[in-house]
């Protein structure tokens, strides 16, 4: 890519970014779009969004989006700090050094726009030049800064997590344990078995239990009822908007018929639901139960000490928030979950492979000659300068962004199949899957297929990895710079909520239940953000030109998401910051890849001493990671005796505890078994409609 | 190797085996050797050892050698079962099929002794022959049998372990927790901090604590005292054996002088020890303590639930048996242990590398031409038939056996450096290190260097591993058959205790403290035995000729160790069968290597369908292993709430518990701080000597 192509791309994306932001600024104040742009508030906010996003304190974010929201914003804060330092080093020191090198070609300032951006990369530095020691120092400095910031953030967020626990009001999930694989002696019910076991081994702390039931059929019926309700509401809405006067006789007649038909079906389904709910003998018990304890420490005892002599029986784990429980998958047994895990593993691999083929094709677009070879009829069009710049600089990134957006739902489905018991568990697992997927299909696939598919072999020859990476990574610098620049548009389109806007407009004729604010899709957003961190860190030494663009991306993200977490997304669960370790590990991984590439670059640049002197750096980084692993990770996995007992004692004498405990007994009742609220509600909603006909 | 060379080797080793066994049978009844052959009994046993070893029940072994002894014998029982089945299949079905194949050469029964043993290997079967389906079925059958037996053994041993726990008398280690990294606020002592913390968070179960002290100097002094005592005793012994009459004036004078000198030094040292022991202010406290609880469940609570908000403080772990504590290494901090681990890891790698070079040389010996090339002056000697057979069939194995015997102490030293707190922990870690070492340097190194060093590359090309292994593994069949046959001698030499015998005889003039029975060196014996399992399983399909030899090895081992565990080795600790998971995992590993080789063999033998149909087998084996991992491994890591509470309740009302608890308070006092028993004892021992002078 030449400099003018880059400028075109930057210009285009800046325009899009500004246009999108402007559209948002205009649309958000119109009450018609409140449901899209401020579903969390019942009114259109009047203050300008950018200053408001800037002024908001972390306490505000905590209150609005939970600790997960805070962690999400901290990812941006951390990245901005890292890339501010990196940009100062990279643009201030490395870039001039690279540009003034003469490895590639004589400098000719007059023809700057037609210069390849390779002139700004390390490739342009003379082999064996002493200037490379600046690059060497930069690697050590940036690793040091990043590790220091990582430590600081990890410490900060673990403190927040502890604070969050100590100041939380009593929560059912802290007192409750999910017990699975309950063994049954003949004739005994699951409830009796649970009662007997916990009265025997936890006599002083055991409070109550709720056996889980097979409610698949009931859930299907409720789902049917909900669908019919939605259709009824929709029909009513359409009738109203077309006016009460019967303009089209045939249409109204058809609609009246339809209304009656749906009403009849709704009544049938509701009758079935009531029948199913009232008849306990119809429901099959699942050998799983939520067991509640009188204290948090009592629950911790049941979780961390194995209960039964047979480790596959009486398996205990943390209960999720009652609202966070994912009920449909309770029916899976230990064995089924195990097989599902295996199947999902294979399916994820296949998905990555399929996607790689797509990427290989898309990457071909950056090489115009290949495109012309594949699609000869396009040759004339491709020879126009703007088109060729668009195709090489913009199209591949757009296609990739577009295709990538289809993957998170698939990954979430995979995680669902694995039998997690909570929505948060599913999303955390999907987040990890997405991360692996993104790193492999977007980063490595583009790095490796860019040159040739045969490059895949480098992973089979460990000793050659650094020098091979040092060749193929710089070769893809243009693509990734373009990718980062394109991402400005994609992150700003988060503001305009294009999909939600579309659904909202379409909803005029096909009413959907959009009264609820959506939840933040952490599982797709976090991997995407981390990918840009990976790209930025790995290209730090190779092509420092990318750093300002990455920094702009993170700054945009910082403002945009601080706004969105306030206005759009309502937290569906709170993991208490459990997403942070993922961010930490990915950053360490990025640093290691950067070290590998640097070792290779100095080798190729005929400065073997620098390569050797870099070898301790990955080892030190891993040791640092090991230290963080021991120092902070346990805090994200479990609360300590110290915290648990302090918190228990603090609340012992509080007057509202008896009420909490009496609520706790019923907290984990399957919502499918609760009296039909939604259906009767919509019954009322549809009543006037029926009356009006 | 030709058949006659194999016969020579078998003949030689059989002779040695019988000779060694005969020597043992003769020597063991002589009272002079009781200290070598029956140190656990004060008398020379009269009954014949072989029938006695046969008749002994498992209860006897449990009583004599603990659960670890039982597990050790079960390794032989399990291996005998597997290899009996394998030998029936291999020798009964595969061997005739291989021999009647005609891939290598026409069969010529007249020249049988000069036939290469390759004629008994799978290489001799015609490419693409349908007979290979027999081999295919054999792989499935032996995997099935092995997995069934593995499951059976794992279940049996976990039951034994639970039984052992439920029937054990109260043991201090079940009630005690080792706490490390105790944080100190200014001025407070470790003892106060521990007391405060556990009274706060474990008020109902906390019993007492013992702070660990820096006793390095004291230990050195005690060691000095012991050494001087030994020298004194030795001088006395020599004096007695040379008669009380002063034959040599000068010698006696010198000795008397020496006696006085040692006596003086002993008194000095003992004075220092007393001073050091009495003055508590001289000893530095270590921020570690043994904390005892009133119940086993109370101790489990402190171990499995993290104590402090900061995970690097108040770290708890199982306390070892008081006699099993390895006191010298208490001084290491969390950071020091961490660095030591890293250093040891690097050192182990280096050791393996050094050893590999040695193996490469030794392996060269199996190729006579190479030896002649290296050492041309030996050519004449090497041309003698017996010598050449000795050199190719016997010498390499002997050298390997000899060198390998030096590695276990080094590995134990490495494990010691890692900062384990118990002797059993050190030996279990050394066992794992030895296992990795053995598998790499003995198995893979011999397989790969036998042909050419360039074969190492196969691990860098995963897809090629099966076919490469299928080439190089059969090529080393001769070596490994010879190796197994040589091992008969080495395992029988366990009976004669050559080293101990030598020391005993030498001890006539250099008295050593051999009154105590030695402990079983599990860390060196278990990896050695598992190696033969690995060799047998991997060569099952390739060279079934090896199977009877392996079977003989395990039968010999079964009888010999049942005898030795009774007469020679006294258990120094009891891990409760924690060595079994190592055996299980290694067997699974062996099966997987066998599957890989088989897949490669069928590929090379032009039966690709069989290769493909074998692919599910390693997956199934891994799934089986995963199941065992979930089902049994937790039992070896911790006892369950069920067991702990049952056991606690059972003993609550027993009359001897108050006494146990009062002993528990002092159970973990550093033996270096106890009044000098040994020194004063030997004082008495040396007293008559001094009197006689």
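Each Cβ is built from the backbone N, Cα and C atoms, and glycine gets one as well.
The feature transmembrane segment, as given by TrEMBL for the ranges B:299-321, B:414-436, B:437-459, sits at B:437-459.
Of all ranges given (B:267-285, B:362-380, B:609-627, B:628-646), TrEMBL attaches the label transmembrane segment to B:609-627.
The recorded stretches the transmembrane segment (B:528-561) and the transmembrane segment (B:132-151) share 3+ CB pairs below 8 A when only pairs 6 or more apart in sequence are counted, and are therefore in contact. Taken as a whole, the domain 'CSC1/OSCA1-like 7TM region' (B:341-602) shows an average pLDDT of 82 in this prediction. Between the transmembrane segment (B:71-95) and the listed ranges B:6-27, B:338-361, B:381-403, B:581-602, B:609-627, the one holding the most Cβ pairs under 8 Å is B:581-602.
Ranked by Cβ pairs under 8 Å to the transmembrane segment (B:132-151), the stretches B:6-27, B:381-403, B:479-507, B:581-602, B:609-627 are led by B:581-602. Ranked by number of Cβ pairs under 8 Å to the transmembrane segment (B:6-27), the listed stretches B:381-403, B:479-507, B:581-602 are led by B:479-507. Beyond its flanks by at least six residues, the transmembrane segment (B:581-602) meets 71, 75, 78, 122, 132, 135-136, 139, 143, 146-147, 150, 153-154, 428, 431-432, 435, 439, 465-471, 473-474, 526, 530, 533-534, 537-538, 540-542, 608, 610-611, 614-615, 617-618, 621-622, 624-625, 628, 632-633, 636 of its own chain at Cβ-Cβ distances under 8 Å.
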